[in-house]
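So the structure is just underneath, and the comments pick up after that.
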Amino acid sequence: MPFFRRQSLKTQLLVIVFLALLLPAAAMFYDIFFAAKTDDVLIHATDKKLTRIANLVHDQVRRELKSYPGNSQPLEEVFTAVTDPLIKHYPGVRICLYDKDSGDITILGYLHEFGTRLPEEKKERERRIYNETKAGINAVLASGNAISRLGKTYDDQFLERLVPLQINSRTIAVIWAEEMMHPIFARSSRMRLVIRYVILGVFGLGIAASLATIFGLVRRINIIKDGTVKLEQNLNYALPQMPGEMGQITSAINKMARGLIEKEQLIDQYRRSENLIAMGRTITEIAHELRAPVSVIQAAAQAMALNFQDLPRLDEYIQQIDRQVERHSKLINELLDFGRPDPGTIEKMDINELIKSVLTANEPLISKTGIKLNYPSAGHKPLVIQGNAEKLKQVFTNLIINALEAMRQNGVLTIESHAAGEQVAVSVRDTGEGIPPEDLPNIFEPFYTKKAGGNGLGLAICKRIVQIHGGSIEVKSVKGSGSEFIVSLPLYERDVMAVE
Ligand SMILES: Nc1ncnc2c1ncn2[C@@H]1O[C@H](COP(=O)(O)OP(=O)(O)OP(=O)(O)O)[C@@H](O)[C@H]1O
Ligand SMILES: [Mg+2]
């Protein structure tokens, strides 16, 4: 059945029609043109023989009766005398007489060559045989014509030829000869019966198969219908797999839904990048406007420090102004970095050297926090990439500062680099507080921060710089045990000792 269902709908329907119509049609053809013909031939041959015998007996009995008009010899005796010698010549033929006046029956010979199979009384046999032939006798008596008919014994079929015996235009008796039909006749009619049952069975099966196919089709169509309704509400829903044409439809619909999802994502991405570009432009303008007053404040504070040295607590105020000016400068620089997507001057460099210089620059900060640095630089082979060194340094600086901010005194900062296929992967791992899963999708968004003095621009800048270098940045983090940021950049050359 699964094999059948895997076939195309057309094949399925053709097979069903073939089973339901062609096979029964062939059986009927055989029944009409062969089986019936065989019967005709058989009946015709037997009928010819029985007609000859019945006529012979009839003619002789009639002659006997006519040649002695005053003959008082009973009809039964004349019939027996005429028929007896014939019986030996025609084994299996039974010749009988029905005396209309007395209602007596005389039977000579047996249908079965070895005599009756059941021991039965003579009278009983006569009654049975009369009952079997009664319809024929009555028909002959009523019409006055000879007839042939098929009769049935308790276990078989026979053919009989009945002839009226007429004396002076009056039917006084019926003479008949009968013989079992050839066994092939019974077999062929049994065969026809079997064929009819087979035809019926095949018809039934055909109808059942058609109904099953139709119900199956309807069920699958309903699944598709319900599925499309669900798809309308949720494009991520997938219609179930199915065999045959229905399966092709469901896969086509699923493919279409996936295409729509991809398209929506692309449109979303496009909108976001458009927004980022627009935002970048605005941010750069604002940052430029902010830079001038901050520089003036810084210069004024420095002038105050020189000219009013004697004023009490001036140092304290000047330091406060410096701290705030520094914060503002940092914000302005970050804003300018974020707003300017241009990668600047591109050069070849060994990423390991770049990381070393970042670590050297941040050494005072790292040692101040008491955090252990784990940078297995020994045996480092150069991993050459192409890019803007200043911008890439900023990426690793931001990641290192975030890691330091996430850890307490006894934390460990691990930095590793290796080539992975056509890429260089640099991992910055800390043992800090980790990032809750619900925050992970947002940390690269501009202005997303969970820190009191944070601008939320560090990771947004990292992502931008890495992207304009043709790379990517990903994060793995477990809340409470640490985070790992992996920066992947296209590898320019591997194992090059000298970098220009
Ligand atoms: N290593 C880290 N461990 C834990 N949380 C982190 C880590 N790095 C980033 N985060 C989280 O991601 C947020 C965004 O980081 P991002 O560097 O963009 O901004 P920020 O550090 O808050 O501010 P700034 O603009 O000063 O860098 C942080 O506020 C922090 O919650
Ligand atoms: Mg940061």
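Cβ atoms are placed via backbone N, Cα and C, with glycine included.
Unlike curated entries, TrEMBL annotations are predicted automatically.
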Problem - Range annotated as transmembrane segment in TrEMBL, from 197-218, 285-306 - result: 197-218
Handout entry: Chain residues outside the transmembrane segment (197-218) and at least six past its termini with a C-beta under 8 angstroms from it
Key = 5, 9, 12-13, 16, 19-21, 23-24, 27-28, 246
Completion exercise
Across the domain 'Histidine kinase' (285-493) the predicted model averages a pLDDT of 90
